[in-house]
Amino acid sequence: MPVDTRRDVRTRSGPGRRRRQVLPAVVLGGALALTGCSSGAPSALDPAGSGAGRVANLWWLLFWLSMAVFAEVMAVLAWALLVRRRPGTRVRHGQPLRFVTVAGAGIPLVILVTVYAVGLRDLAALGDDPGPRAPTIEVTGHKWWWEVRVQGVDGATANELHIPVGEKVRVRLRAADVLHSFWVPQLMPKTDLIAGEVRETWLHADRAGSYRGQCAEYCGTQHAHMAFLVVAEPRKDFDAWVARLAAPAPAPRTDAQRRGQEAFVQGTCAGCHAIRGTGAGGRIGPDLSDVGSRWSIGAGAVPNDGGHLGGWIANSQTVKPGNYMPPQPVDAGRLPDLIAYLQSLK
Ligand code: CUA
């Protein structure tokens, strides 16, 4: 029998073949999405403190309850389809009202009341005041960075705050412009920052480490580059951090650093940035007194190294478009000095 080869070819490259290509693509896409979830991004299901621990427990309670309800519904459905529809089966209606009352109203009511009660308990615990002896850290959200101060201490830093391990720390939140949201997935659920209001939350870490935080409320072009780091460390290291915030920035030790400081203080930098103990006292941008020790430049935009720092100073708009720092007319000969000085601030 002659075979219509044209038709054969059309079938292989037609919709049937496309369907066969869709399945692997979906599987591959799903696998990639899942690996994205485990690429070291902080997860609220990997809690490192009592606040996030409550949220994780609530999440698992809801998950297992949902799974139990799903399994129960599927079992009843399977039973109805497989057993009750067998030909010749005599249907006994029993007591349908009792079934509907128990399965349709009673069980859901018990589940909902339980979840509501647990939710209320957790809400109250998360809203608890950490007590009068807890250190207070003041955080202000700006487009697009975090100003960090410790109550009673003069100095400021940016995009990084330290807490003592095992102690509750009060965090007082303000917004300088628009809505932001303070979120450290492994330590505490989100708290919104609202302009004109002072909100409070607390942080508590069970174990030492660095925990990434992120602005969790869309606040403009660079919302994604509004990250911060919470460093949980032994009490004596925390005390040392607070002491460093109160002290002047380290003095320049080399000639290059001295020239860099001069360029900073006498140039345009000092109009927006402060460095404690120098003539630079700008309050528009982040305080740079400890910029050399920070984990990133631009609130998570790029790593903090000499190359990125130079690129940032020359034209930060290419790194984080839309941020409020205009390109700087820094003499190419002075840029290495400026970098050397800023990197020495730690
Ligand atoms: Cu600040 Cu999003």
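Each Cβ is built from the backbone N, Cα and C atoms, and glycine gets one as well.
According to TrEMBL, the feature transmembrane segment maps to 21-41 (among others).
Annotation comment: TrEMBL describes 61-84 (among others) as transmembrane segment. Within the chain carrying the transmembrane segment (61-84), a Cβ under 8 angstroms from the stretch's Cβ atoms is held by residues 91, 103, 111, 115, 118, all 6 or more beyond its ends.
Marked as transmembrane segment by TrEMBL: 96-118 (among others).
Residues or ranges marked as domain 'Cytochrome oxidase subunit II copper A binding' in TrEMBL: 132-244.
Here TrEMBL flags 255-346 as domain 'Cytochrome c'.
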Remote residues contacting the transmembrane segment (96-118) - C-beta distance under 8 A, at least 6 residues beyond either end: 58, 61-62, 65, 69, 76
